[in-house]
Each structure stands twice: as structure tokens, then as C-alpha cells.
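Novice: My questions all concern the structure below.
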Amino acid sequence: MAERRLRKELNELYKQQPRNCCAWPVTGDLMLWEAAILGVRDTPYYLGVFSLRLKFNSNYPFVAPRVHFLTKIYHCNIDFDGYICWDLLSTKWTALINVSTILHAVCALMREPNTDDPCDEMMAALYRDNRTAYFNNAIDWTLRYAIAPSMKLPPLQLPCKSLMLDQQDEHGHDHGQSEPSDGDTSQEELTDESVFII
């Protein structure tokens, strides 16, 4: 039953194509999945790419999977081994919860920690009493552990048009405007989505 349910959930994820997260079986093993969550704007995890692992057992969906972060993350509800202190995966688990629900709930937890049930009391106290310091620590961990090697951070990005002009200067070409060819695409604007190169 577990594999049949997981196969159905995988098909649903392919159809939904969630924007900030995705999940897939590891090497075709339906009982072991990995997932990726993109840190969203207005959180200290913005621009980070966070990997998770979900381990299911034969009693799924009646028993919750074991979910933990493979990427180090500074969060009062996530311990240093990446496991989440979370009643959704324990006392509040029901068979109606699925992989998509878990991923979206993790995204929500990253936006708003639950300081009433933390893994780390000192970290939760810092979040309550000095949120700026908490966010600075979380940003530091994100930059250290969660930024993809090919990531281009916005403060370091140059407008593509200026970059192309600089490259022309190096080769001695002038700055005269030319008509774009059919294969040219406009690169004058960079969107949030274009930042991630995965």
C-alpha cells in the first residue's frame, strides 16, 4: 500500500510543479526520497538551496516518514543533525498528510519558526528577544552552507547589456547599435527566478 500511495503522490507532484520545492525518489527507491527547497524572499534563507531526505516505511501513510535536512540550517525547530522537532510529524500526523503537504509546511516553518516547541531553547529565546541577531546567524549559515556553487548573488550582478559592452571594449569593437538577430533574447532584466541555476 505504501508504494502505491507514494507512486500516486509522485504523479501529483509532477502535475503540480510547485514553485519553491520539489521531491523525487532516490535511485528509483520509492521508500527513500530527497527534496529541495528554495529559500524564499523576506526570510534569512533567501537564495539558499536546502536539501532534505524523507524516509518512508511500509506503514505509510499511517506512520509519518522520517524527515531531515541534509543541508545545515540555522533554525530553532531543526537540530544540528537536521531533524525537525515538529508535531506534524508526530502527534498531529494523519494519513491525509502527504509529501506535498510536508514540503509546503516546511516552507511555512522556515518563514515562521515555532518558538513554543523548539529543538534549541537558546535559539528560540534569541528569536524572541533579539530577532536581528537570530536573522544574522541564519543568513550566515545560509551563505556558508546553502548557496549553490553556481549562484550569482544580486549585489554582484551587472546588467547584461553593460557586461556585453565591456567585453566589446576588450576586443576593440565600437558601441554601435545593431539589429538583433532572430536568435537574440533580451537580457536587460533579471528576475528572481533567473538567480537560481540548478
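Including glycine, each Cβ sits where the backbone N, Cα and C put it.
Note that TrEMBL annotation is computational and uncurated.
Copied straight from TrEMBL:
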| type | residues | note |
| --- | --- | --- |
| DOMAIN | 1-147 | domain 'UBC core' |
| REGION | 169-198 | region 'Disordered' |
| COMPBIAS | 181-192 | compositional bias 'Acidic residues' |
Novice: Give the mean pLDDT for the domain 'UBC core' (1-147) on the 0 to 100 scale.
Specialist: 94
Novice: Which numbers of helix, strand and coil residues does DSSP report for the domain 'UBC core' (1-147)?
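Specialist: Secondary-structure composition of the domain 'UBC core' (1-147): 56 helix, 30 strand, 61 coil.
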